[in-house]
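Engineer: Below is a structure I'd like to ask you about.
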Amino acid sequence: MTMAANDFPFQCQEKKSYSQPSLVYCNGNIAETYLEEKVLTAPLDYLRALPSKDIRSGLTDAINEFLRVPEEKVLVIKRIIDLLHNASLLIDDIQDSSKLRRGVPVAHHIFGIAQTINSANLAYFIAQRELEKLTNPRAFAIYNEELINLHRGQGMELHWRESLHCPTEDEYLRMIQKKTGGLFRLAIRLLQGESASDDDYVSLIDTLGTLFQIRDDYQNLQSDIYSKNKGYCEDLTEGKFSYPVIHSIRSRPGDVRLINILKQRSEDVMVKQYAVQHIESTGSFAFCQNKIQSLVEQAREQLAALENSSSCGGPVRDILDKLAIKPRANIEVE
């Protein structure tokens, strides 16, 4: 979804001067000048201007086929999620020492680390202020719960990387539920809070969040498009314990080659190609594809149970069709 710049109003429209003539106040806050606003939001605006899959916005619209929330409330929720998603990407790129995002230099390589962190933090609070436009009295509590979940998940992923600890599959799936699932869940919980429907779509959204992350892990190591947008096998350079990497390492407990490649944080293409071949040899890409297909089928079953006799599930099914990857036959491993 493309949003206009004024969808994120940082300047105040109604201004009241107090005793200090050089300052302008609005709702207890000192209002920014236009120049100040552009400086503060520059890293965020830079990222938001780049092409994006915008799957969270599309999924919000798809679920709203069931919930029938008024469009003005849907736009508020989309605005909140867009701000949080892009702010989290700014921070992720710093924490992961990334070089590319969506095919261009990461924001902190343009604006610096300090200014990028400040812009991301500001976005969290601008998003929080948008909650005032919703009617659900629990909106603020839901917002806090899911942002705490997101940071807990991110913290565990950082811990595994920095301590070179390979998590179990179950540990990784729990982390996904918190980190990746957080914004998916926040959007739908806020949407449900504005709806007259009593149906609960959180379980379906949890499945979709897990599906999205595992598919992203797979594509990072297998997709030419991902290589162009983020760099070749960037997850290996970051030292990330992604889903196929975890399966590969744990399928051969005595083989330390892959975990040592992660330790090096190598940018050498040949080293990363060797790692990809190793992951392939353990059947981990096939395992990942089969997991993706299993999650797609699980989501379709959950959708059918929610749909009953209505035909509201078409947009969600379209999203699932796009996320599906044809399973591979089991290959012979070394």
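All positions are counted from 1 along the displayed chain.
A Cβ is built for glycine as well, from the same backbone N, Cα and C atoms used for every other residue.
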Engineer: Per Swiss-Prot, which of His85, His151, His159 sits in the isopentenyl diphosphate site along with Lys53, Arg56, Arg102?
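Structural biologist: Looking through His85, His151, His159, the residue Swiss-Prot assigns to the isopentenyl diphosphate site is His85.
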Engineer: So Swiss-Prot lists Arg101, Lys179, Thr180, Asn220, Lys230, Lys240 for dimethylallyl diphosphate; which of Gln192, Gln213 goes with them?
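Structural biologist: Answer per Swiss-Prot: Gln213.
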Engineer: Given the binding-site residues Arg101, Lys240, which one is most crowded in terms of C-beta atoms within 10 angstroms?
Structural biologist: Arg101
Engineer: Check the DSSP secondary structure of Gln213 (dimethylallyl diphosphate binding site), expressed as helix, strand or coil.
Structural biologist: helix
